[in-house]
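J.: To start, I am sharing the structure in question, which I have written as structure tokens.
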Amino acid sequence: MKGFFITFEGGEGAGKSTQIEKTKSYLESKGRKVITIREPGSTPIAEDIRNLLKSVRSDDRMCDTAELLLMYAARAQLVNTLIKPKLEEGFDILCDRHDLSTIAYQGGGRMMNMEDINAIRNVVLKSFRPDLTVLIDVPPKVGMARARNRGELDRFEISNADFFERVDKAYHDYAKNHPETVAVVDGTLSVQEVSEQIIKNIQERLDV
Ligand code: Z5A
């Protein structure tokens, strides 16, 4: 039996990592085998790319095109060497960010051309899509306040508030146009209430 591919999306501090752990526990209680991963990253090569993408360096500034291509290089490696084989083996995969992050951050945040993004997306993913995307909806200011207590900021976190507002808008636009595959949950509720919303969506939308 093929596993389910469920992705978790939202701005920084939305609570994705927290909810992935709770969802994993729920699915395991139903006897399912679950793997949790993150993007960019989760294979040795993709983790190297993640370090490149996140590091702030003073000797060179990463251009938007390099950032976009590196996101898809990491995704190609992860999808082809881990996600697809493990789904075939029957594992459910819970992924912290996936392709919708590129639409939101590079498309919305960086304002890159969506036709160009879609062309690369098509090369890398073809028709491969998550079975369900959970969008944890938190106003950017709330998410930033939650996430900013961690110390040094990475290359994305140093972006200004307008950037995160554009990311947020791109997420909502996409969710509005894809209600059948994107479940929007209110991330300002308590951890337990958010988890209950996610599990309800999984029960209603997937045969779990
Ligand atoms: N990126 C991109 O640009 N394009 C792409 O295609 C991809 C990614 C795939 C990866 O950052 C960066 O890469 C990301 C976008 C870019 N940058 N940004 N910004 P990352 O992986 O290092 O970080 P993140 O994905 O943004 O996650 P995060 O900030 O670590 O947040 P989170 O996982 O969503 O939240 P959390 O760690 O579960 O919770 C954050 C805090 O809030 C923590 O203290 C929790 O205890 C607390 N929390 C969680 N839930 C609640 C509730 N319900 N109430 C109150 N407090 C809560």
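Using the three backbone atoms N, Cα and C, a Cβ is placed for every residue, glycine included.
Summarising the annotation, TrEMBL assigns ATP binding site to Gly10, Gly11, Glu12, Gly13, Ala14, Gly15, Lys16, Ser17. Positions annotated as domain 'Thymidylate kinase-like' by TrEMBL: 8-198.
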J.: Other than Gly10, Gly11, Glu12, Gly13, Ala14, Gly15, Lys16, Ser17, which residues of the same chain sit close to ATP? List them in sequence order, counting a residue when its Cβ is within 8 Å of the Cβ centroid of the site.
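T.: Same chain, not in Gly10, Gly11, Glu12, Gly13, Ala14, Gly15, Lys16, Ser17, Cβ within 8 Å: Ile136, Val138, Gly143, Arg146, Ala147, Gly187.
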J.: Averaging the per-residue pLDDT over the domain 'Thymidylate kinase-like' (8-198), what integer do you get?
T.: 97
J.: How many other Cβ atoms are found within 10 Å of the Cβ atom of Gly13 (ATP binding site), counting all protein chains shown?
T.: 22
J.: Which residues does Lys16 (ATP binding site) neighbour through Cβ under 8 Å, counting only same-chain ones at least six apart?
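T.: Result: Phe8, Glu9, Gly10, Asp96, Arg97, Ile136.
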J.: Is it possible to get the count of other C-beta atoms within 10 angstroms of the C-beta of Ser17 (ATP binding site)?
T.: 12
J.: Say we define neighbours as other CB atoms within 10 Å of the CB. Which of the binding-site residues Gly10, Gly11, Gly15 has the fewest?
T.: Gly15
